[in-house]
Amino acid sequence: MAVQQVFPLSCAVQHYAWGKMGSNSEVARLLASSDPQARISEDKPYAELWMGSHPRGDAKILDNRISQKTLGQWISENQDCLGSKVKDTFNGKLPFLFKVLSVETALSIQAHPNKELAEKLHLQAPQHYPDANHKPEMAIALTSFQGLCGFRPVEEIVTFLTKVPELRFLIGDNATAQLKGSTSSDSQVAASALQSCFSHLMKSEKNVVVEQLSLLVKRISQQAAAGNNMEDICGELLLQLHQQYPGDIGCFAIYFLNLLTLKPGEAMFLEANVPHAYLKGDCVECMACSDNTVRAGLTPKFIDVPTLCEMLSYIPSKDRLFLPTRSQEDPYLSVYDPPVPDFTVMKMEVPGSITEYKVLAVDSASILLVVQGRVTASSPTAQTPIPLQRGGVLFIGANESVSLKLTVPEDLLLFRACCLL
Ligand SMILES: [Zn+2]
């Protein structure tokens, strides 16, 4: 008999301190919905759900007819399920990790190295850079999702330098003048002026940062208490970040990086060397399998300011939304296909009036998450139909066709990660 290529997974939860608490967290809500046995602790953060075969959170197979216990074990013994190109290109491993994130407090200001830099950093400091792979990431909002992404247009930064003297103090008059003078120059001059300003900021002495930040916090608080709107200098966000990370240089980074509030279904793609930070909200995230992150603020973890300032793409741009394309073959399918080989994410929104929906067969192993709706899944190799509801996660082997029967007339919302080479 053919090897069963489709089966449900029980996925690992990571309780990092920055996660949303208890049932405020979408991670916890998905978990509670898919597994009636799950007990949600209201005093515990539910930060991430890992849907993949990463050794620190290898998904368990929820089918006791299958002898392997975890997805990682199963893939290593059934390599053809990856798809022939994926198997060869990524040495028999699933190339991506698919996640749900529920963010309560900001994650660090960070960027991920490209492959070349990742190899170099890993050689030099393997304790901080545990592997030699790049780590492109994509976040698609499930709820309103706030993050920082890429450098703002220079004009915006210049305006903040005028309106926020505490910021200008840290950057200094020379670098400030250089940036102001660069607005009409070519992009290389602007990039180097931007690098100089950002580096001055990030390399400021700790005590000076603490001092200027407390002046700014005091000024914003007083103005806000007097009824003045401080949104032109992101007053509310500054106070919020300062409360989470008092005295942290990362609080000032909001004046350099674009602030994005994604609506459900909107996405940002974090290619190599783009500075970013997730601030608040719930999203699905897909990334290449790697741990290489260079951090420079809003974190108690190891920070490496010189490497970060050196590696970043100093390309100012307002345009940071990553747009999906509508499938020609399937009217319910949107495809988020970033310019990296490691992963693609698909979103399927199927109206509840449809009784049966066919999931497109692709030449790649994939992982399917049910965010809304209730179905039974069947496939040529599955022995019995698999019931799935909100929070359910399904592994689908390469080239396997899966049919979903809607068991209630409720709209379906599904996300699927795969690797289209
Ligand atoms: Zn990141």
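Every residue, even glycine, has its Cβ placed from backbone N, Cα and C.
What TrEMBL says about a protein is an automatic prediction, not a curated fact.
Feature annotations, courtesy of TrEMBL:
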DOMAIN    6-154  domain 'Phosphomannose isomerase type I catalytic'
BINDING   Gln110, His112, Glu137, His276  Zn(2+) binding site
DOMAIN    170-257  domain 'Phosphomannose isomerase type I helical insertion'
ACT_SITE  Arg295  active site
DOMAIN    336-379  domain 'Phosphomannose isomerase type I C-terminal'
Item checked: Sorted by sequence, non-Gln110, His112, Glu137, His276 residues with Cβ within 8 Å of centre, Zn(2+) -> Ala111, Lys135, Leu270, Val274, Pro275, Thr293
Next item on the list: Work out how many Å separate Glu137 (Zn(2+) binding site) and the residue listed as 'active site' at their Cα atoms, rounded off.
Entry: 15
Notebook entry, point to check: Would you list the DSSP helix, strand and coil counts for the residues of the domain 'Phosphomannose isomerase type I helical insertion' (170-257)?
Noted result: 67 helix, 1 strand, 20 coil
Notebook entry, point to check: About how far apart, in whole Å, are the alpha carbons (Cα) of His276 (Zn(2+) binding site) and Arg295 (active site)?
Noted result: 10
Next item on the list: For the domain 'Phosphomannose isomerase type I C-terminal' (336-379), provide the mean pLDDT of the predicted model.
Entry: 97
Notebook entry, point to check: How would DSSP class His112 (Zn(2+) binding site) in three states?
Noted result: coil
Next item on the list: Can you grab the distance from Gln110 (Zn(2+) binding site) over to the residue listed as 'active site'? Cα atoms, rounded to a whole Å.
Entry: 4
Note to self: What's the number of neighbouring CB atoms sitting within 10 A of the CB on His276 (Zn(2+) binding site)?
What the structure shows: 24
Margin query: I need the CA-to-CA distance for His112 (Zn(2+) binding site) versus the residue listed as 'active site', whole Å please.
Written below: 9
Note to self: Using other CB atoms within 10 angstroms as the count, which residue among the recorded positions His112, Arg295 scores least?
What the structure shows: Arg295
